[in-house]
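Everything below concerns the one structure shown next.
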Amino acid sequence: MDSAVPLFQMEGISKRYGGVRALEKAELVVTSGSIHAILGENGAGKSTLIKVMAGVVAPDEGRMTLDGREVTFLSPAAANQAGIVCIFQELSLVPDLSVADNIVISDPPKRFGMIDRKAQRRVAEEALARAGAADIHPLALVKDLPLSRRQMVEIAKALARKPRILILDEATSALTAADVSKIFGVLKRLRSEGLALLYISHRMNEIAELADQCTVFRNGRNVASYKAGSKSDNEVVELMIGREYSHIFPAKPAAVPATAAPRLEARKLSWTDRLHDISLTVRAGEVVGLGGLDGQGQRELLLAFFGVLRGLSGEVLIDGKPVAIGSPAKARQDGIGMALIPEDRKTEGLMLPMTVRENLSFAALDRLSKGGIIDRAAEQRLIDDMVGLLAIKTAGLDIPVGALSGGNQQKVVIAKWLMRQPRIILLNDPTRGIDVGTKQELYQLMRKLADAGAAILFYSTDYDELIGCCDRVLVLYDGALKRELVGSEITERALIASALNIHGEESPVGLGASA
């Protein structure tokens, strides 16, 4: 092959879904031995672009070439055979199968017509090692692994297919910092081996560290291509959103007085070996963050408040009164008024085959029904209000919610719960895998809800979010609450030191303490 010929090229690629333009005359050039970042808001066309590349959907027009020869991929298997492998944002693993089973699922090694288990394990071990995840046992069941480790298995599964072009769609969004570092090393090594990598991420620091070339998409078109590092973050964001970029976080109000009545409290809350004597307070009008390294009990704490966990000890109080929240149904009742925005919108927050309308109404059906009959007029008014409030972009309310972009799906999850007018809102890493424009909208919404009197408890793996959004941050370490940071104390340095439990004397934390 002539070295001047790109490894892969897309020219004039267009794709529409009904009346929605997903791609319009899109162009892309991919070269061997490089990492090419694809940037853009959710709904900009990135996902459709890689689905066309990966043989998941067929373009309406345009052409693709591989090694200078025109190609058409009628299925993912055809793209895989040509050496194009995609790791999509939402995991494709089978939870009840082993790691090894998942890694070789598309082409298991066989002997005498039967799966060769010894060869399967060898292939899995080699793929895991290549992915920097040799510590994952190939015989472990995927369902027993935390989300971050499942993502590593997904990457190993892709590498087992020996790709020439590896596409990663938000592949680090569920990873711990240690795993991200490992993956960066793997990707750089793959680049040095001559692989072409397409990297889709909303994390600008990752793009700066990894990418050689960047292409920005907006409204289905590629609006700019440039050498990585040649533009500032603000310039890139302005290209993505098509307008001047202003400060992403809303202004914080004056601190809620420490004497204000608490809305949500925990007293010596414990659960198995994951939570240890947690005591905290969230007042109406506050945005309180949960910090610390990933996996230190933050998610379990949110699930405990929402009535998901069994065998808790300690007390939960609402408006100063002890309550027994034994189920999510009890948590969302009017006297409590709690909502939980889950970490994984696809599996925990939405019913993908059902319509946007059905998903929006689901959490509020008891409020919209009388005698078992839904008040359709009231339902429509509420839905219209939510679609307007969150600026949900959809071709219609009666299309499957799975057809929406990731950012708009997340807006539907949030809108679904806002239809109940919750008094307490728990958010579990709600901006994972969504674009900077949608993030900005969610930050503004969070503050607006707090200003209207909601009490918000917000877990994020992004330190910038904790600094920019929160009035207070409670840092967890090994299931225990180690430090409370307030106002100007909430800095990256303090968050990191507290997360590592190296800050020296612990600040007092507990029933409304202000460290």
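Cβ atoms are placed via backbone N, Cα and C, with glycine included.
Counting only same-chain residues six or more apart in sequence, the Cβ atoms lying under 8 angstroms from the Cβ of Lys46 (ATP binding site) belong to Ile38, Leu39, Gly40, Asp169, Ile200, Phe217. Under the three-state DSSP scheme, Lys46 (ATP binding site) falls in the helix class. Sequence annotations record features per position, and here Swiss-Prot assigns ATP binding site to Gly40, Glu41, Asn42, Gly43, Ala44, Gly45, Lys46, Ser47.
The domain 'ABC transporter 1' feature in Swiss-Prot is assigned to 8-244.
According to Swiss-Prot, the feature domain 'ABC transporter 2' maps to 256-503.
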Check your understanding: Setting Gly40, Glu41, Asn42, Gly43, Ala44, Gly45, Lys46, Ser47 aside, what same-chain residues sit with their Cβ within 8 Å of the center of the Cβ atoms that define the ATP site, listed in sequence order?
Key -> Phe217, Arg218, Ser405, Asp435
Point to revise | Which same-chain residues, if any, lie at least 6 apart from Ala44 (ATP binding site) yet have Cβ under 8 Å of it | key: Phe217, Arg218, Asn219, Gly220, Met240, Asp435
Point to revise | Listed in sequence order, residues with CB under 8 A of Glu41 (ATP binding site) and six or more positions away | key: Arg218, Met240, Ile241, Gly407, Asp435, Val436, Gly437, Thr438
